[in-house]
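Before any comments, here is the structure.
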């Protein structure tokens, strides 16, 4: 096909996909009866066609893009100016849609209002709102009776799975993207006019290449495993807690010794959960900070409004120095902090132990504050030997007499994530960067700044979830996805299929 030009609608030439006739009728899903369009607005595309958009990753960020695109196409379906729909595809490494499956702890709740779902802030009338999900599943009144804005985490993941199921025809699951490379230079313009996305089917190893004018990289963060921790099956990142620990420690009544490293929400949740999951186990929470610190979630502008979509504009327009100062000042809203009610529960548990055993060394559950794990070894019994180093701060240690040794059957690292996975996937794109000394710099609309002398204006790459330094603390959070998804749709496809506002 001819992939060198675009239609007036911003879609590639070639086989046209007419806007489907809208027709609603009942459809049964794996969870419960629902209503869905019998003819998707976004039909499947064969691998050998030039795509208008390929999204690398199909987590919440890419799902929000799919929803925003669907909603806008629905609004323009009867417009005489829209005669074709974009050709898009999502490539996802996981076997199905999943959101933090390793941290779906029993009883855990969301930390943001359900109103900040994948659609409501952008369009409360969208069929993809959390409230519509509840209505479809006949739970709207039941949820209302809970009197809360914070759904159970397991329910919110089910909501997102329900949304994702509407786009199943567009997603290639169990597909790992290997790299994104520039196309051959167009002989007429002398510029790159599309990109090649190379991926591998995990089950068979089959490698497939697809071509796209626009590529969104939204692969989320990689577990951060500090260098001092060796590769060991008994050392688990918090992201795999629920999916890995039960098989590793399969006797819930055994007197295990389990350590957790970290001082944020995940560390506190796991420490608290272990005491119920393994009632006879000894648990230890090890952290560099001197205490668990409460998150600041006041509704006033200085705190919660930091995560409002419009704050992204304000943050982006600041100088680099101002941005860095802002991030450091407001770190307590998102990093190494714990919701106050969980801190209170943990403190109450510690206090009961103090009543029973004045000697803290006799406690079943302990918190080792102002400590770091300096070394990890394993013995013949396969237990981990942890060397703890007490410290005044993160970098200044006390004398050796304050060091301790600890044995553990498992160590869970709640050490956060690194968000640089895009760099390896886009390694071949680096020579095309507009300002190589600035690294992977993106514009306000998340478009990677590429050299206009080398890359056609109608081709581009967008980065998601790795732009905190330029777009603020909300960049990796759910709070702004509804609006951001529409911004990406607008940036790629233009005003004719914008956010509809």
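The first residue you see is number 1, and the count goes up from there.
Quick reminder: no glycine exception, Cβ is built from N, Cα and C everywhere.
Annotated features, as they stand in Swiss-Prot:
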- 1-16: compositional bias 'Low complexity' (COMPBIAS)
- 1-40: region 'Disordered' (REGION)
- 26-37: compositional bias 'Polar residues' (COMPBIAS)
- 92, 93, 94, 95, 96, 97, 98, 99, 100, 111, 177, 476, 477, 478: FAD binding site (BINDING)
- 116, 304, 305, 306, 307, 334, 479: substrate binding site (BINDING)
- 263, 264, 265, 266, 334, 335, 336: NADP(+) binding site (BINDING)
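A gap of 10 Å separates the Cα atoms of residue 116 (substrate binding site) and residue 477 (FAD binding site). It is 31 Å from the Cα atom of residue 92 (FAD binding site) to that of residue 263 (NADP(+) binding site).
In the three-state DSSP scheme, residue 307 (substrate binding site) is classed as helix. Considering only the binding-site residues 264, 265, 266, 307, 336, residue 477 (FAD binding site) has 307 as its nearest partner by CA-CA distance. A separation of roughly 20 Å, to the nearest angstrom, links the Cα atoms of residue 265 (NADP(+) binding site) and residue 98 (FAD binding site).
A straight line from the CA of residue 100 (FAD binding site) to the CA of residue 479 (substrate binding site) spans 16 Å.
Within its own chain, residue 479 (substrate binding site) has 112, 116, 307, 308, 309 as residues 6 or more apart in sequence whose C-beta sits under 8 angstroms from its own. Around residue 94 (FAD binding site), the C-beta neighbours below 8 angstroms that are at least 6 residues distant in the chain are 173, 174.
Note: the NADP(+) site is recorded as 263, 264, 265, 266, 334, 335, 336; in the same chain, 262, 267, 337, 338, 414, 416 also have Cβ atoms within 8 Å of that site's Cβ centroid. On a Cα basis, residue 266 (NADP(+) binding site) lies 12 Å away from residue 334 (substrate binding site). Neighbour count (other Cβ atoms within 10 Å of the Cβ, all protein chains): 19 for residue 306 (substrate binding site).
Annotated pair residue 96 (FAD binding site) and residue 335 (NADP(+) binding site), C-alpha to C-alpha distance, rounded: 29 Å. Nearest by CA distance to residue 177 (FAD binding site), out of the binding-site residues 263, 264, 266, 306, is 266.
Put simply, the two farthest-apart Cα atoms among 92, 93, 94, 95, 96, 97, 98, 99, 100, 111, 177, 476, 477, 478, the recorded binders of FAD, are 31 Å from each other. Spacing of residue 306 (substrate binding site) relative to residue 263 (NADP(+) binding site) is 22 Å (Cα to Cα, whole number).
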